[in-house]
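J.: The structure under discussion is supplied below as structure tokens; questions concerning it will follow.
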Amino acid sequence: MLSTHETYMQRAVSLAKKGTRLAYPNPCVGAVIVCDGKIIGEGYTSAYGGPHAEVNAINSVTDENLLSKSTLYVTLEPCAHYGKTPPCANLIEAKNIPKIYIGCVDTFAAVAGKGIEILLKAGREVHVGVLEEECLELHKRFFTYHNKKRPYIILKWAETQDGFIDKVRDVNHINDAKPTWISNDLSKQKVHQIRAEEHAIMVGTNTALKDNPNLNTRSYGGVSPIRILIDRNLRVPSNYELYNGEVKTIIFTEKEADSDKVQYEKIDFSKNMLPQIMEVLYKEKIQSVLVEGGKQLLETFIDENLWDEAFVFVGDKEFKTGVSAPVLKINVEKNFTLGFNTVKHYKNKQ
Ligand SMILES: NC(=O)C1=CN([C@@H]2O[C@H](COP(=O)(O)OP(=O)(O)OC[C@H]3O[C@@H](n4cnc5c(N)ncnc54)[C@H](OP(=O)(O)O)[C@@H]3O)[C@@H](O)[C@H]2O)C=CC1
Ligand SMILES: Nc1c(N[C@@H]2O[C@H](COP(=O)(O)O)[C@@H](O)[C@H]2O)[nH]c(=O)[nH]c1=O
Ligand SMILES: [Zn+2]
């Protein structure tokens, strides 16, 4: 059972989840203000450039006089630096909030303990690590981006009962250019939910050619991710969906090219591809990438052990032959079912 402090922090985590995608590249933080056992203020990080969670929570309190006898619960250490907005730690000090419960320390260099230091110097009671695991999970993309200088990587594919991700199809037949569907409608909705939570989505050349994918969130809603295509020789025709200009689209290629619909990024394919891609995505401030396939691209990430989570949707069909699914040689973290589909969720702890 959760303690009282954990219950308020849980509320702060739930609030943060409402805004996750829009705050990028900022972390979406949640904050709750409690006075005499009652929540008097709540907030989460606004869309990028807007106020942080603590500011929104403080501004939502109707009687400001109550703040000097209130407790603030916040999922991440309050910031201590001037970014797009002034430091939250200074605001908390100015508003005389006496007790602060923090989910996890912000390892981002500009903050890294400095927010806590400001509050302690001001004589405030500070507790760190309430519901820490949940808060670290909530801010995993932000931490990975700053600590590992790359986006958080999630692999995802759908496979049949007998381990295939597609039937045999001819890449040159444009009429064949739609995916062979393996998973059910509930799974599709779940995939679109995952897409809505991530900053970007990536596919390989053959997937783009064979499936002509949209990679949007139409079955769920929310913001569609930035699309990323690997296309060394620009084999994907410009009348394909990835060139429709609906969403920012980055194409990694070795060719010189220019377009007002997509952003080309030139890399050297004779060298290891992934470090070069990670460097560009870091510069683009992309916090997470959902890698949807195909086989070769997924296996490249698996072979280089460059992934953090994976979702494998197992349908109820059998193909007997086709494109074989990638294999993860670690234990499943969690299984869940969606109708007759099973979803295997993996976490890479190495
Ligand atoms: N069921 C599912 O969830 C999914 C199924 N699929 C299916 O998977 C199949 C496509 O998979 P696959 O054929 O493996 O193709 P990919 O989509 O992985 O694309 C492979 C191509 O992308 C480029 N590429 C990928 N990785 C690298 C790398 N590490 N270094 C250099 N170039 C790279 C190469 O292009 P080039 O040769 O031009 O250099 C390569 O030929 C399709 O049948 C598709 O329908 C796809 C996604 C999901
Ligand atoms: N076939 C298959 C998937 N295929 C993935 O979905 C992409 C198509 O995206 P969109 O055009 O937005 O619908 C396709 O290119 C491939 O990455 N996904 C699944 O969840 N289940 C499936 O059975
Ligand atoms: Zn702040």
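Backbone N, Cα and C define each Cβ position, glycine as well.
Per TrEMBL, domain 'CMP/dCMP-type deaminase' is recorded for 3-127. As annotated by TrEMBL, Zn(2+) binding site applies to His52, Cys79, Cys88. The feature active site, proton donor is assigned by TrEMBL to Glu54. The substrate binding site annotation in TrEMBL covers Leu215, Arg218, Glu292.
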J.: Within the set Cys79, Arg218, Glu292, which binding-site residues show a CB-to-ligand 1 distance under 6 A?
T.: Glu292
J.: For ligand 3, pick out the binding-site residues His52, Cys88, Glu292 that have a CB under 6 angstroms away from one of its atoms.
T.: His52, Cys88
J.: If I take the Cα of Arg218 (substrate binding site) as reference, which of the recorded positions His52, Glu54, Cys79, Cys88 has the closest Cα?
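T.: That would be His52, the closest of His52, Glu54, Cys79, Cys88 to Arg218 (substrate binding site).
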J.: Among His52, Glu54, Arg218, the recorded positions in the record, which have a C-beta under 6 A from ligand 2?
T.: none
J.: I need the neighbours of the Zn(2+) site defined by His52, Cys79, Cys88. Which other residues of that chain put their C-beta within 8 angstroms of the C-beta centroid, in sequence order?
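T.: Here the non-site neighbours turn out to be Val29, Ala53, Glu54, Val55, Pro78, Thr85, Pro87, Ala89, Leu91, Gly115.
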J.: Can you tell which of the recorded positions Glu54, Leu215, Glu292 lies nearest to Cys79 (Zn(2+) binding site) in space, using Cα positions?
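T.: Closest by Cα distance to Cys79 (Zn(2+) binding site) among the recorded positions Glu54, Leu215, Glu292: Glu54.
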J.: Same chain only, sequence gap of 6 or more: which residues have a CB within under 8 Å of the CB of Leu215 (substrate binding site)?
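T.: Once residues fewer than 6 apart are set aside, Leu215 (substrate binding site) is near Arg195, Ile201, Val203, Ser224, Pro225, Arg227, Glu241, Leu242, Val247, Glu292.
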J.: Ten-angstrom check, please: count other Cβ atoms within 10 Å of the Cβ of the residue listed as 'active site, proton donor', all chains counted.
T.: 29
J.: Got a sec? Which of these binding-site residues, His52, Arg218, has the most Cβ atoms within 10 Å?
T.: His52
J.: Average the per-residue pLDDT over the domain 'CMP/dCMP-type deaminase' (3-127) and send me the rounded value.
T.: 93
J.: How many Å separate the Cα atoms of Glu54 (active site, proton donor) and Cys88 (Zn(2+) binding site)?
T.: 6
J.: Which numbers of helix, strand and coil residues does DSSP report for the domain 'CMP/dCMP-type deaminase' (3-127)?
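T.: With helix first, then strand, then coil, the domain 'CMP/dCMP-type deaminase' (3-127) has 46 helix, 28 strand, 51 coil.
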J.: According to DSSP, which kind of secondary structure is Leu215 (substrate binding site) found in, if we only use helix, strand and coil?
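T.: Once the DSSP labels are grouped into three classes, Leu215 (substrate binding site) ends up as coil.
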